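Worksheet for the structure shown next.
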Amino acid sequence: MAEEGRAQGLSKACVLLIVIAGMERFAFKGVASNLVTYLTDVVKMSNSSAAKTVNSWCGFTSIVPLLVAPLADSFWDRYSTILTSSFLYVLGLGAVASTALLWTYKPPSTTSSSAFLFWSLCLISLGQGAYNPSLQAFGADQLDHDDELPCTIDDKKTSKKKGLFFQWWYFGVCSGSLLGVILMSYIQDTLGWVLGFAIPMFAMVISVVFFTCGNRIYAHKPDRTMYNKHFPNILRAIKMKASRLINGGIALPNDKSNMAELELEERPLCDQKVCSNEVSDLNLESESNTHLIENAKIVLRLLPIWTMLLVFAVIFQQPATFFTKQGMTMKRNIGKNFKIPPATLQSAITLSIILLMPLYDKVFIPITKMVTRNEKGISVMQRMGVGMFLSVIAMIIAAVVETKRLEISRETGVQESETVPLSIFWLLPQYVLLGISDIFTVVGMQEFFYNEVPVRMRTMGFALYTSVFGVGSFLSALMISVIEAFTSSGGRHSWFSDDMREDRLDKLYWLLAIASALSLLFYAICCKCYKCRIELENGNCK
């Protein structure tokens, strides 16, 4: 396999899981990349409604891991979670394919058919929400050594291997995404939506078979009861606390042993077993409260950085929505007969990642090492900042190109259904720049959130990473609604007019460029004040 040849130092289990992750991305991108076209052309939604639907669905899909991760860590091991969630995933993909098959014979109605499609997409979200963070955490478990403090000087080899794992994981994910965008958007536009949605479902089934067959080579981590049972204990502690408040129990907050003694002294005739259980419950409550506070502190410490990444996540939504709608109005011919499907241009993002990812290790890191004297070239937080800066440049270019498209459209007087005489390849630079920014920011985010949480919260760390894009998707949908409400008042055309000659996406892109520049500024300030977990614990962070 290509990944196996390149990702030297990773075990066979890691390589297999990277391939499986790539197959999952193929299935997801096969549905998501061209969904906005399906909603406008088949379901007959408006441009803004379709964009909001796609953004909301992607947001829900990315936010679900944050809700599922504590449950997965507490009640199931990661292997079982992956198998169970993959069943929901396949079921959702099959339901989406069935809607396309049904609508081939009967046009969709505005209510019942759309509702069925919505619930089918929700099944995909629920399955992926548990599947993705568990699969990536399970992949990280395959590394030779999983230390609680991966950034210490004595563990540089492990830290380097983890960085290598995240880099090649993202490479595998992008390879699957590239194939899903190019192949499936072409099939959907030329051979139909039934086959275009059925193939991702079968790809996901095959990936589950591969995952099951690889069970012999996986390293199954022993169940860390002290880590995995905090969530049930917290629920139990809350229940006991509520029960004592209702029954008028006395509790002193200062010292748990004094608390236990006081309650026992008040009931000297109670059964010894009952009293012993009460002491145990009080100790359990105190321990659960401690862990709850510790986990809350960890999340709150990461919150400023997490917040500053949200605008990047909003920009991340544009290629699948408005970039694609732009491409539909531009000249897409190659030769006389072949037309490029607009969603195919999204492959430029993943293709640039695949081609340039090896150069990050071979060229960029050695050069930056000479300048920064840092073992990694640049720190993880600097890496994310570089990607955010590139996203600003990408949105400026997008705004300039859209302004040019509108000028040509008005000068030539093209009708609504006609193509603007401007090549779709003018959109290529913004796609490529977003792909390069992903190499820096997305890979950096994965490593940052993984390293900044303790071992007991590793799945939660991946969930925090995906939740950035989830909340970003919701913010994108909210932004569209607010802008549409303000710009369409007084009978004017909104920025998101269905008539692409009258829209003002250029203003949207300028707004996103300014917002991204401001978020980068505040991100730099947060980085100055931020202390990494190892620095707090050991007084050293490399």
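From the backbone N, Cα and C atoms, a Cβ is placed for every residue, glycine too.
These come from TrEMBL:
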TRANSMEM  54-75  transmembrane segment
TRANSMEM  87-105  transmembrane segment
TRANSMEM  168-187  transmembrane segment
TRANSMEM  193-214  transmembrane segment
TRANSMEM  298-320  transmembrane segment
TRANSMEM  340-360  transmembrane segment
TRANSMEM  380-401  transmembrane segment
TRANSMEM  431-450  transmembrane segment
TRANSMEM  462-488  transmembrane segment
TRANSMEM  508-526  transmembrane segment
Paired segments the transmembrane segment (87-105) and the transmembrane segment (298-320) in contact, 3+ CB pairs under 8 A: no
Contact check, the transmembrane segment (380-401) vs the transmembrane segment (298-320), 3+ Cβ pairs under 8 Å, seq sep 6+: yes
Top Cβ-contact partner of the transmembrane segment (298-320) among 193-214, 431-450, 462-488, 508-526 (pairs under 8 Å): 462-488
Cβ-based contact of the transmembrane segment (431-450) with the transmembrane segment (168-187), 3 or more pairs under 8 Å: yes
